[in-house]
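Okay, so here's the structure we're looking at.
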Amino acid sequence: MSQVILDLQIACADSQGLPTEGDFQRWLEAVLPLFQPVSEVTIRLVDEAESHDLNLTYRGKDKSTNVLSFPFEAPPEIELPLLGDLIICRQVVEKEAIEQEKALLAHWAHMVVHGSLHLLGYDHIDDEEAEEMELIETEIMHGLGYPDPYISEKDPD
């Protein structure tokens with residue numbers, strides 16, 4: 001039996017309109033049990049200032065970003081289900097959903113799926129890795145009832 005443990009931290013000045021803890025739990029449960037039976041993840045919802053500071057400190061990028069993934073790596077002799085932390089910036093997610101003409105809840109789900117795959121070791125540095133990761137993301141999003149996250153909902157193609 002699989003188990004996903006969520007530690008949800010809301011560090012946004014305004015928590016109105018955020019997805020529910022149940023939403024985040026459902027999104028994690030659509031991803032993590034596919035790869036390991038027991039997982040623990042912290043999701044921290046932040047405002048742009050905190051996202052910007054973390055992105056600058058850990059990635060050298062002087063801007064806020066949608067999601068940051070911080071995988072936890074225990075020493076090899078210690079087995080823990082802790083995968084790591086996802087830091088998701090509310091304002092960036094909301095802005096991107098508008099710009100990309102996507103349903104807001106679907107974009108939140110995509111950020112959780114995308115970030116979770118990073119915690120599991122997936123990346124998109126080169127084209128082959130990106131293609132594999134996007135395929136997995138799209139399958140998971142479809143399983144959740146959402147459209148392909150890489151196609152705008154208003155895209156005529």
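We count from 1, first residue shown onward.
Glycine too: its Cβ is placed from the backbone N, Cα and C atoms.
Features of the protein shown, as given by Swiss-Prot:
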- His114, His118, His124: Zn(2+) binding site (BINDING)
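Counting neighbouring Cβ atoms within 10 Å of each of the binding-site residues (His114, His118, His124), the lowest count belongs to His124. One way to see the shell of the Zn(2+) site is to take the Cβ centroid of His114, His118, His124; the remaining same-chain residues with a Cβ within 8 Å of it are Val67, Ser69, Gly115, Leu117, Tyr122, Asp123, Met133, Glu137.
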